[in-house]
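Structure first, commentary second.
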Amino acid sequence: MRCVNWDLWFIFWSFNLLRPARPLTVHISEDAGAGTLVAGGARGARCVLDQVLAPKFTERFLETDPAAGGVFVSDSIKCSTLPSNPFTVYTVEDCTDSGFRHLLTSLYEVHVHGRNCSNKRKKKPQWDMEVLSLFTRSHHRSDCHPAGSALLPVGGLLPGSPARCKVTHSRDFYFSEGGLFLSETLCWGQDTLLELDLVCDILTGTGVNAKVNPIITHWRVGQGPFRQAHLGKLLEKAAQSDSGIVSRRRRSINSSPQFQPPMYQVAVAENRPAGTPVVVLKAVDVDEGEAGRLEYFIEALFDSRSNNLFAVDPASGTVSTVEVLDRETKDTHVFRVTAVDHGTPRRTAMATLTVTVSDTNDHDPVFEQQDYKESIRENLEIGYEVLTVRATDGDAPVNGNILYHFLNSNGSNDVFEIDSRSGVIRTKGLVDREQVGAYTLVVDANDQGRDPGARNATATVYIVVEDDNDNAPQFSEKRYVVQVPEDMAPNTEILQVTATDQDRGSNAVVHFSIMSGNTRGQFYIDAQTGKIDLVSHLDYEANKEYTLRIRAQDGGRPPLSNISGLVTVQVLDVNDNAPIFVSTPFQATVLENVPLGYSIIHIQAVDADSGENSRLEYRLTDTTPNFPFSINNGTGWIVVAAELDRESVDFYNFGVEARDQGYPVMSSSASISMTILDVNDNNPEFTQKAYYMRLNEDASVGTSVVTVSAVDQDINSVVTYQISSGNTRNRFSITSQSGGGLITLALPLDYKLERQYVLTVTASDGTLYDTSKVFVNVTDANTHRPVFQSSHYTVNINEDRPVGTTVVVISATDEDTGENARITYFMDDSIPQFDIDADTGAVTTQMELDYEDQVSYTLAITARDNGIPQKSDTTYLEILVNDVNDNSPRFLRDHYVGSVMEDVPVFTSVVQVSAIDRDSGLNGRVFYTFQGGEDGDGDFIIESTSGIVRTLRRLDRENVPIYSLQAFAVDKGVPALKTAVNIQVTILDVNDNPPVFEKDEFDIMVEENSPIGVVVAHISATDPDEGSNAQIMYQIVEGNIPEIFQLDIFSGELTALIDLDYEIRSEYVIVVQATSAPLVSRATIHIKLVDKNDNMPMLKNFQIIFNNYVTDKSSSFPTGVIGRIPAHDPDVSDQLHYSFEVGNELNLVLLNQSTGEIQLSQALDNNRPLEASMRISVSGETVG
């Protein structure tokens, strides 16, 4: 509560000026006896109690003793009668200590305790004591005090012993050794009044009653006489200041400079020479002379490297470069700018300087690799993505917009194309390794820059085409012909076949094998060299020519083969067989009367050779001159060459020789017995008209078949026998023996050619004859071995076929019959994956097959007949296992981790994944995709061939700091198999977000009279970035002129630099800026002061004068409100309360205690003159 009485005008004027202090607390009992000390008391200094101000109701129980210097209890205190508890007592003391005079104001908050007492705590003022200290020139030789010198002791003025003290709200003083010392040189000016707060811990009492109480003293220090006029002048100056006391800025003899504007943002191009001007800093100082001369400094705020790149001229404030700037090294530099004056004390001003380095096109594009190497398979589909080349440019986007193109796209390189934006190289034509095995592409990256011009870089792409097994081996000749003498020694090379394969590596390794024609196994081919060797003797007479079908097979997976290779082995006859007579000796009879030229007997010999080696010539041997017989040397018929005369010679015995035309000549001889017969007239007659014989086909030449017999009734007749018909292929011969005709086997039989012979045998006595039939049935012998149609079979089977699947049925044929032709099949080697049915030749799987473990099997299969002896043939079955897509791709890592700056351009590579597939061909060809996985909502793509994960859109770490991607490796099998892998991509922060205030405008409520330097608000903005990119600087950019508030550049703490007085100004509007260089944002702050009851109501003496003229007819007496008490309270929130204290005991004036409105009592409505002196009290207290 503030109260004022109109008859204590000077006292209250003084009291209002000295301002209320925070009270010293006093506790007394309502039973306290007279003489109890309430306020004041002994001090170390010599003090005189000058004034005591207390509420009027205390007059009945308090009294002042000026001699003792205190206020004491004078009568009993009754709590029930106290209108206010606690109540306040003010004392004003005039003290002298160490040459200073001090006007000391103390405030005591008196609490009365008792049975009927109630205490309502009041809000405490700011200080416990106020002191005004003055000195005169007579006490000092100079108007200046050097820094560090003692000014005045304070211990004697405090209500106890100071244990510890410190100075606040002033940089001019500090406490030491019980006194105030100067921080800087102090020179007094006219009516100078400096202020400070002294916070001390005061020790009171002794022993167990000792206590430490904190005391806050507001101190004013000035110069001049301690007279009422001078005191009034100083205090009036204080009363008229902005804060009710002299502000520090106003009290300072040196004003602080101020920057206009408080923030600088400039740009400078990179690569400019050192010494390039950047900006001129300008601060304003209203002082004159040295106090207004400024010196400028800059200091890097975030990156100390900036200090080495810029310098400021201390006098002119011109900032220039020290070194050549490189935007790509650092594109933003932020400095704290300080302007320092040369006054006393030196004052400073601060601002921020943000220098943005603008880009010039000074960087060539840089490829991720200078040389790219990639392998692709031939026969890829058109549009296949081979790889992606990527170049980056350190310049800004306008100078780093890269386009790609080939520098050597002509010729064979035209099968490739490159996307000018993304750098993806694709096939646009078919790639055939056999045509071009490797490509060298030169890629140019052009940044499209304009200042000063475009720059480019090149990279070389080496593409190696991997071989697909798409070419079968090709024989060097369509047919190979070789002639081999039949007498060539075994293990002799007869021929080498060659085949080439245009593929490469194992796909081009050729292996040879004989597929057919080697039925007797007489030839061997070296699988690697193609050399054909003779492994057993040839016999021209058995086989004159062999046609071998050769297979050339490569080593691919699966292999390709060519079976068009034909080798004709022509067996050259060697004269290695002598002629063989079909019968020996030869016997014949001839009638003596046969004519000349009569053919008597056909001499036959055979030669197994051929050609000239088998052409025979016959001649007779052992003959005499005039021999009556001759032989046709070509046909072998012996004819009568001269007349016969049995009576002269009845028997001839001579020889015959058969000679071939080979080299060396080979010959054979036989004997001939010729009997000359007498002429007769009876026919010979066979004893049997038909003979039935069975002969095994494997009977050897010379085997006796049957002896036929004929009887001639003539005397001395000699019967001769010959086969006249049915002797197909001259298989049989007949000779006369012991009167009969012996039929023998002349040549080997062949069951498959003739199974029966019907021979007509003629028996002749030289003139007459008879015939008989001889039926020879040829029985089958195990003369033929089983024969496979091919010596080599090739079949394919998928690896996923179930166990028991029939792979192929192998069959052989045997030209024999019966058991001789019943064939049994078996495998020569035990291969557990397969089995063959012994009867059918069906080859089936016994185990699961796995292409990845083994791609082919070669089985040696033998077909054996059941004849005696058993005969067999062997063939080779090659089983090629076809790959089935039964293996999923497998990544080389369990998961992948990558990181990338959030401001990287689109298509920047982040991480590369890689997977392999054990399958082959398309089943093992892997591509990569995000389809079905997680691509960060489309922020990333993955190159299908290389597995490189690239950005597809601009990233924003503040929205998504970490991506959890899922990619798939998918093969091209049917159906396709895929495998997932997780990819974690961390987005690294760049400073791309300005600080953000919660609102654009803020209201801050601040209590007036808050201590200078106390934080009145905390300004805060948030930055979504992180780390140093989220560091925020705060500054006031508008509305702080003159400098009333100070904003801490880093913490955002807003402090008042002067005392804030609601009655002088109720609201301040400032604009604050939050900077995260080079990004800024602003907010408007409304600082609204909260009014406190810190002013006394103001009331001057006034008079009420009225005239009342009373008649019988009318009255001029005013009956309504005639006016109001002319009181005013500067505190707008205070409500005034009006009351009469003295002089209105008769209630002549009616007073509205709330509004101060005055009415006159009807008692004054008369003609009597009246003059009354009244005392009115006006009090104010804060509402709410």
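A Cβ is built for glycine as well, from the same backbone N, Cα and C atoms used for every other residue.
For 260-367, 368-475, 476-581, 582-686, 687-788, 789-891, 892-997, 998-1099, the entry in TrEMBL reads domain 'Cadherin'. Sequence annotations record features per position, and here TrEMBL assigns signal peptide to 1-23.
For the domain 'Cadherin' (789-891), the partner stretch with the highest count of Cβ pairs under 8 angstroms, out of 260-367, 368-475, 476-581, 998-1099, is 476-581. Among the listed stretches 260-367, 476-581, 582-686, the one sharing the most Cβ pairs under 8 Å with the domain 'Cadherin' (998-1099) is 260-367. Across the domain 'Cadherin' (789-891), DSSP assigns 3 helix, 48 strand, 52 coil. Per-residue pLDDT, averaged over the domain 'Cadherin' (260-367), rounds to 88.
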